[in-house]
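Contents: one structure, followed by commentary.
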Amino acid sequence: MKWITPASLILLLHFAASKALHENEFGIASTLDSSQCVTEKNVLSIATITFTQFVPEATEEEVNKMTSDVLAAMKKNSGDGCLESQLSVFLDEICHETELSNKYGLSGCCSQSGVERHQCLLARKKTAPASVPPFQFPEPAESCKAHEENRAVFMNRFIYEVSRRNPFMYAPAILSLAAQYDKVVLACCKADNKEECFQTKRASIAKELREGSMLNEHVCSVIRKFGSRNLQATTIIKLSQKLTEANFTEIQKLALDVAHIHEECCQGNSLECLQDGEKVMTYICSQQNILSSKIAECCKLPMIQLGFCIIHAENGVKPEGLSLNPSQFLGDRNFAQFSSEEKIMFMASFLHEYSRTHPNLPVSVILRIAKTYQEILEKCSQSGNLPGCQDNLEEELQKHIEESQALSKQSCALYQTLGDYKLQNLFLIGYTRKAPQLTSAELIDLTGKMVSIASTCCQLSEEKWSGCGEGMADIFIGHLCIRNEASPVNSGISHCCNSSYSNRRLCITSFLRDETYAPPPFSEDKFIFHKDLCQAQGKALQTMKQELLINLVKQKPELTEEQLAAVTADFSGLLEKCCKAQDQEVCFTEEGPKLISKTRDALGV
């Protein structure tokens, strides 16, 4: 984002280099301190998470051995009951295991040292390896037996299995899920209907796991792509909306620390991620009387639940009597004469005030508003007529809000009219045109997530559509960009993903079609029909139809609605005829080629 200067909104550079430093060069205090007393109880689960996320291919036995070894090494270097907690201790252990290092291709990273070794090992964490199978909860009877025999081993196995499949999920989130699952097992093993109890409660945990992992990976990807500056800006917005009663001094302090914690978590520094998160939550609860009246119930919870509760608590309400007039916010000061540091602090204070007076606006919309606001200030300060130049300022800022609200209304109207399946088909056509290089499975998964956004957000009251939609779309687009980072899709998607974080959604929305895409030669293999179409039901049949739709659009991206309707009608006719035939396979063999020929003639392919 151009409006954030190289010095960054909240300078975190010196603080990130040393935990012992409690103020940055702006004199912003920190809620954190340099004390890191780590006990054996802390280390066991954290070591499992750290080793498993860095080496997800490792077996549970290999991870347990590294955990045991690193704990012994920590104890040896400690004389006061506080164990050494530097990330390097864990990385040393990974590389010390030569057999493991060679077995899993770590020797290249382990031949390096310090920051280089750390970054090399981090680069391997981009995705969970294909060799790791999807996670499956054990059968209820098996779970109850194992949990009763050795609760600690059972829960450590859960932490291991979750960590290896979610390499970017923050340690506190994994531990919170583990605590929830522990309670589920205890409750369901005593229930009359164990199967039903486990099925219901596990579904909730699986949903939280999926959403939490996606969010954490998205944040880490944004930091990796855009650096800490965007993170600091979004942190100011989120904190100001959540803690609307807090003054700017408190928000600066918390933004500094929360942004730093995100970076620790994304660097794989699970111990500091956990401990510093606890310190910030403790501070927030100790100051709740001046920060927010909405977190009182959260602050009564155990630490393992506290963070999740505060993060998911409702945003605050706009303080009574507080208003913001953007055209008067600068006053009689000359923005052009501000130093870079003064501009940073001024824009940070604008973000704070605008966010706390608009607690329900999407974060991305506020980022766009701030970008436009600074651009107008820069231009008007140069004109010499600041008051007159700002006449249309509020109109220009309001356009961002109106665009987001209009899109959310349009999307929810479509969802309410079409329903899940037809809306997904509409998205499939659009995204196959934008990204025809993606596989059918990727496109179906991607558009399925879009339908999930609509089904979640459009159930809310209309004033919440925009905030919900923009927030979920940010994560959805973020994961498209993570896919693009791993293997570039096309130049249009790359441009949207890389040029501006705040404008990603706008860019993807306006990118209608990859004009560089050349359809492949027509292949009848993609349009062969068999009797399994008659046997397929529900989701399986829908997927088969959607794969056909994707192949049609890939073959002819400019496919019109009329052409699509005609092909769909012909295909439905084929299904009806052949599924009633005495020999379905013979019917498809005879009639299928006729449909393909008719379709090719109609589409000119």
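Any Cβ shown, glycine's included, is placed from N, Cα and C.
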Candidates C188, C220 - disulfide partner of C197 as recorded in Swiss-Prot: C188
Of the candidates C534, C578, the one sharing a disulfide with C587 in Swiss-Prot: C578
Disulphide bridge to C299 as given by Swiss-Prot, partner from C273, C285: C285
Disulfide-bonded residues near C497 (disulfide bond), in sequence order, restricted to C220, C299, C507 and a 10 Å Cα cut-off: C507
Rounded Cα separation (Å) that holds between S113 (phosphoserine) and C534 (disulfide bond): 60
Mapped DSSP class for C457 (disulfide bond), helix or strand or coil: helix
Least buried by Cβ count (within 10 Å) of the disulfide-bonded residues C189, C298: C189
Under 8 Å by Cβ from C481 (disulfide bond), counting only residues of that chain that are 6 or more apart: S221, K225, I493, C496, C497, R504
Winner by Cβ contact number (other Cβ atoms within 10 Å) across the recorded positions S107, N498: N498
Neighbouring C-beta atoms (10 Å sphere around the C-beta of C273 (disulfide bond)): 25
Cα-Cα distance linking C389 (disulfide bond) and C457 (disulfide bond), given in Å to the nearest integer: 38
Euclidean distance between Cα atoms of C298 (disulfide bond) and C285 (disulfide bond), Å: 9
